[in-house]
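A.B. asks: For reference, the structure I am asking about is given below.
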Amino acid sequence: DGLSEHVCISPTGVVRAQRHVAVQEGPLYRTEGSHITIWCNVSGYQGPSEQNFQWSIYLPSAPEREVQIVSTVDSSFPYAIYTQRVRGGKIYVERVQGNSALLHITDLQARDAGEYECHTPNTDERYFGSYSAKMNLVVIPDTLQTTAMPQTLHKVEQDPLELTCEVATETFQHSHLSVAWLRQRGGEKPVEVISLSRDFVLHSSSEYAQRQSLGEVRLDKLGSATFRLTVFHLQPSDQGEFYCEAAEWIQDPDGSWYAMTRKRSEGTVVNVQPTDKEFTVRLETEKRLYTVGEPVEFRCILEAQNIPDRYFAVSWAFNSSLIASMGPNAVPVLNSEFAHREARGQLKVAKDSDSVFVLKIYHLRQEDSGKYNCRVTEREKTVTGEFIDKESKRPKNIPIIVLPIKSSISVEVASNASVILEGENLHFSCSIRTAGRPQGRFSVIWQLVDRQSRRSNIMWLDRDGTVQPGAAYWERSSFGGIQMEQVQPNSFSLGIFNSRKEDEGQYECHVTEWVRAVDWRVAGHRGAPGHLSALSPEMGFAVTAISRTPGVTYSDSFDLQCIIKPHYPARVPVSVTWRFQPVGTVEFHDLVTFTRDGGVQWGDRSSSFRTRTAIEKAESSNNVRLSISRASDTEAGKYQCVAELWRRNYNNTWTRLAERTSNLLEIRVLQPVTKLQVSKSKRTLTLVENRPIQLNCSVKSQTSPNSHFAVLWYVHKPSDADGKLILKTTHSSAFEFGTYAEDEGLRPRLQFERHVSGGLFSLTVQRAEVSDSGSYYCHVEEWLLSPNYAWYKLAEEVSGRTEVTVKQPDSRLKLSQAQGNLSVLETQQVQLECVVLNRTSTASQLVVEWFVWKPNHPERETVALLSREATFHYGEQAAKNNLKGRLHLESPSSGVYRLFIQNVAVQDSGTYSCRVEEWLPSPSGVWYKRAEDTAGQMAVTVMRPDAALQVDTVVPNATVSEKAAFQLDCSIVSRSSQDSRFAVAWYSLRTRAGGERDGLGLGEQEEEGDEEEEEDPTERMALLSVGPDAVFGPEGSPWEGRLRFQRLSPLLYRLTVLQASPRDTGNYSCRVEEWLPSPQKEWYRLTEEESAPIGIRVLDTSSTLQSIICSNDALFYFVFFYPFPIFGILVITILLVRFKSRNSSKNSDGKNGVPLLWIKEPHLNYSPTCLEPPVLSIHPGAID
């Protein structure tokens, strides 16, 4: 599947593969109702070869929720939504192999769209790799439509056929369509007539391929969705049901095309009535037995109706092999063999008449014996002028026998030897004896039959005296290695020089006698064998390697001998090669070779051996000795001797006859015994960060004064299984930093030192950090110089451990714990002080946080925070209580922080404290929190000002006459603040009958105190109320329209009651509420005060004249009705004048700083039923 396999190496050195799960690449687009498959493979796993697979889906409506579908191991795995489809076999998993499976969904539904996950349960020793893979499946509607009109057509042979099919799709994805017309007859398999592939390539099945290539069958696209099938000349074989089949293809992400859906149309039944075009064929000849050289004629006779108007093709066959063919144009075409005979006039293929076709052989050969036949095929001419085959017929075969001319020759074969040694020369002779008739010519062929009964031609001489070698002997013949000649008219020889092993076998001489009639004819054939055995030089060829010193130490010498058997003569060359496999490798390489011509050739990798190796070859034998001096570990390994037996070929090339490899000789070169000892003492070291860590490594003894040492420094942490390399100093004093030093940033902090004494090594870690704590040790390697001047590691040893603990500085942070209580008035300023008495380091940075506990609120809330970068931040409490803009921070000296809350409000009350964090820089420059402390608490109470409101009455008790006006003054003697505002209300006080009352308070706020005054027998009725925002309340009903309000000064309010009546007699009072603004500019009621009651008495002064006028209707209308319009116009004029004058007065008062009265021009109240003058009163709606 093209996936790379991941591997890992465990600490034990075992290579273990990493599990990898792969799933078919998505997204895949599939149509509803289709049968889909999704493959899933797993590789790199352990455990059984047969793995299990579990499929789940993540639906688009809940992409985080896994919905289980099907499992190969757990039948209860599917969720309820898929259980029925899994049990019904509509969803199942097909195993392809042990590690590969296919998910099948036979009837795809729209709800099956989503992200599919293939999971393989773990069978490994531990989790390593991926165990699942995901892909997306998109389900789209099946919109493919294939329609054709069902019908039944009756046609006659040669009639044309034309059918159309509509194919359409509405898929939004990019897809291709393929359309095919098929013919089905009965229960037979459908036959493809013609198709248009998705790549727009036309194709037909074998039955229609020729007709389609000739244009007899066409497929045309008309418009965007119509496909037309045309068959120009129907044949009886075309009968059946024709239908259209379309497929919609989409390209998957892996580049392959997939048929999402297939649809077929309704069928059209086509019946084809054949015409009468039957014909018969017969084959004739004179006799069946012939002799070589005689002629023969075969006549193929066609019997049919209307032959001249029809087209026929004739083909001739011999032993079922085509020899000639003739089309309707009567031009014969022969194959290569018979074409040569026809060209020489020995054969003729012709058309005698429209119904007779002739094959004539003028001179028969013996190989012409066999079965002859002819085949007649009727052809039909297409619209393009080309021919297509239709019905074909042939008669029975006619066998003939061609007898040979008899011959009486005999052949004998002789050789110079039957057994020779490979490389010697070989001679054969072939003698021919004849009797009874004149001698003709001979052709001779020498053949070799090897031990595997394979026959090959060596050389042959034809009847004309031309010699030709066989294909396998052509090269040897060209170099004179094989020769053939005619010694006498009846004697032929074969010579083989420098024989080979493959020349062994049975040699045969085949002689053919030729006589001439019309042409040369074979009169007879004879053959005779001869046997040859060739001995191979490699028989008994063997090589042995020996050594008397298999184990040596550095600088010693050792010898190796290569013994070759048997002893060969000088003409048989032998080459000897010593090969070497160094210790720790798996391949041999050539050291030195004694070549076949006596030279010495060194190998490519033998440079280290040349100056210390001597090679010697014995004169009396082919034995080779190898002597190596000053042995080192580079000479340690396995040695082997390879001998090769060679032969010189006819073309001056060499052939290796045999190769023998000796036994292995293992030479061990031992190193000196080590005396290395490293100090194993253990040490414990505790220090504060930023101090240096001093580590020592001491070598107590060494093997040689010339020893060099490589020192590796390690640290082991409790969380690690093994130590991690910090620094390595090689034996050549080169430095290499370990990955731990790079990852932890130790490189710039390391300092290595080798003391003059030579055996003491020191490593210093500067500016120690807490993370540097651990167990440190050194690993010492002892190196010596080998005899070949290469350094090698003799021994290694590990030192004792130094346990290092790096601590942070002790915390000395301390804050002032002074407690306090503070009470202030609103709008004043509060100072909160946070004093740091001591700190751990002067280089530390502080984070100061102020917080508050509110009454009835257990959780503390942050007011403000000063970060260690000196950035001031507001807390959540600042946002709640609108503290932003009212907080101010000062630090007059180091360690002293003062937070000021300006313009305090009651809601700022609470218990305040501060918390300080101390941050220190680590040696690497990273800041960390070392300590924190909380200071003493300060209880802050914010109070409102004391109430000083006093109200008095200015007007004493008064008596007024009826219809007159009386005044109710409300005077404020003192107030609590210059910023106060007042709400004023006047009440009528009357004694409640029966103890009941329905008195009204000051607006709606007065109603809240009703229950507290239920025992008060006084009935209170509100005349008028004015709020602190200068908004008037409704007038009391008895006084509606008769009230006039005035604010004479900021502390004096007056209410005038016009048109007094006896009902107005009683006590009156005014109630004043004092309102103050909070620091947040919100008004609140501080206190309220009520004046002493004022007694008002109204006298009844009714007139007799008034009674007379009011009781007489005629007099009433005379007095009041007629003057009314005139009087009204005058009043309106007066009001307009006064209104303008009051506006100018109001503007001037505002400029002089005198409080304005919230009064608009009063309206007139008068009664048409009395003689009282009009009354001016304040209407509540006219007051701003």
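For all residues, glycine too, the Cβ spot is worked out from N, Cα and C.
Those TrEMBL annotations? Automatic predictions, nothing curated.
According to TrEMBL, the protein has these features:
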- 11-136: domain 'Ig-like' (DOMAIN)
- 141-246: domain 'Ig-like' (DOMAIN)
- 274-384: domain 'Ig-like' (DOMAIN)
- 399-512: domain 'Ig-like' (DOMAIN)
- 537-644: domain 'Ig-like' (DOMAIN)
- 672-799: domain 'Ig-like' (DOMAIN)
- 809-941: domain 'Ig-like' (DOMAIN)
- 945-1087: domain 'Ig-like' (DOMAIN)
- 997-1019: region 'Disordered' (REGION)
- 1004-1017: compositional bias 'Acidic residues' (COMPBIAS)
- 1114-1137: transmembrane segment (TRANSMEM)
A.B. asks: Please identify the stretch among 11-136, 537-644, 809-941 with the greatest number of Cβ pairs below 8 Å relative to the domain 'Ig-like' (672-799).
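C.D. replies: Counting Cβ pairs under 8 Å, the winner is 537-644.
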A.B. asks: In the domain 'Ig-like' (141-246), how many residues does DSSP assign to helix, to strand and to coil?
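C.D. replies: Final tally across the stretch: 11 helix, 53 strand, 42 coil.
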A.B. asks: Which residue counts does DSSP yield for the domain 'Ig-like' (399-512) in the helix, strand and coil classes, in that order?
C.D. replies: 11 helix, 62 strand, 41 coil
A.B. asks: Across the domain 'Ig-like' (672-799), what does the mean pLDDT come to, as a whole number?
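C.D. replies: So the average pLDDT across the domain 'Ig-like' (672-799) works out to 88.
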